[in-house]
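As given in TrEMBL:
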| type | residues | note |
| --- | --- | --- |
| TRANSMEM | 6-30 | transmembrane segment |
| TRANSMEM | 37-60 | transmembrane segment |
| TRANSMEM | 72-89 | transmembrane segment |
| TRANSMEM | 170-190 | transmembrane segment |
| TRANSMEM | 196-216 | transmembrane segment |
| TRANSMEM | 228-249 | transmembrane segment |
| TRANSMEM | 255-275 | transmembrane segment |
| TRANSMEM | 296-319 | transmembrane segment |
Amino acid sequence: MNVISSKILAAVIIGVTSLLLGLLPACFALQRQRNWTLCLSSLLCFGGGVLMSTSLIHMLPEIRRDLPEYEQHYAEIIFCIGFFIVYVLDEMVHFFYGDAHSHPSSAVMNTCKKPSYGSVDSKESQGGCSHHTEEQSLEVDVINCDDHPPSQLCHVGHQEPCNASPIGNLGLLVALCVHSILEGLAIGLQSSSAQVLLLLGAVSSHKLVVSFCLGVEIASNSQSFLSHFISITIFSTGSVIGIVIGMGVTQIPEGISSFVFPVLQGLAAGTLLYVTVSEVIPRERARWHKQHRHRIAGICQLLSVIVGFTVMSIFTLWLTHEDFEENITQQP
């Protein structure tokens, strides 16, 4: 098999497999079975751990390695700039369109700040602090939240973020697409079939995991199947586009390869970290912390994040070790 054929095969394999795995979570979303709710939340937290490891363990060292030696200390700064860019955009959206994206539960954060005197209507609030009661006497109506156990207190510290965060979802997709294009470019620039297939296995080992986790995240946002399909297709074609560009470009100018690519990689890595720690994990924790009947859910989410982070870190460290051994064997 010549180099061109191996690159075409790599583009087809990585594009089709990532598309199929990304669409798989849509089956769970279409069923909407209650029994799958905690399972999907755990998968989202698993994906959060994968994204966290991708940004910190996989992408950040690559940024530092690709930058010129005298500019390597800027790697963390570029990484943080990517984080703050999405943070600023997210806050600007909330500033100008806050009413459209505010969460309905914010109106009932502290329904039990002060006692109620006289008779009250028969009503039950979402916060878990109001009391279902008929016409009652003054002595019974003077009720304070302090009389309740800590598990029934209004969960102010765990308010669920806005359900529809356009910046978070768009930022996640753009960051992963940029990263996929750069990885595909690395495959397309290889000069032998063996190197193409080796790099294909390295890229696929974590891209397929990320593709599935991205599909779970999109499915959790109650988007239509068409929107889900379009998003996953865009992500899946990222590596294909990178491979095609690499096939058409025989040599990349040194200024682009040593500065532009690491900067794009750094901005994408910072975006992934923001989406993980400010969108995915806080949202899932808040969603389940409100349901006091499922206290084990928090432990499941924690373990899912740890497992996702560990699995992706093992992949990254293993691939790094393989690259190091390959470079050693190639040296005279």
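Just so it is clear, glycine is given a Cβ too, placed from its N, Cα and C backbone atoms.
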Stretch with greatest number of CB pairs under 8 Å, the transmembrane segment (255-275) reference, 6-30, 72-89, 170-190, 228-249, 296-319 candidates: 72-89
Stretch of maximal Cβ-Cβ contact with the transmembrane segment (170-190) [cut-off: under 8 Å; candidates 37-60, 72-89, 196-216, 228-249, 296-319]: 228-249
Contact ranking winner - 72-89, 196-216, 228-249 against the transmembrane segment (296-319), Cβ under 8 Å: 196-216
Other parts of the chain folded back onto the transmembrane segment (196-216), taken as Cβ under 8 Å at six or more residues beyond its ends: 3, 6-7, 10, 13-14, 17-19, 21-26, 28, 40, 43-44, 46-47, 50-51, 54, 58, 172-173, 176, 180, 183-184, 186-187, 190, 228, 231-232, 235-236, 239, 308, 311-312, 315-316, 319, 322-323, 326
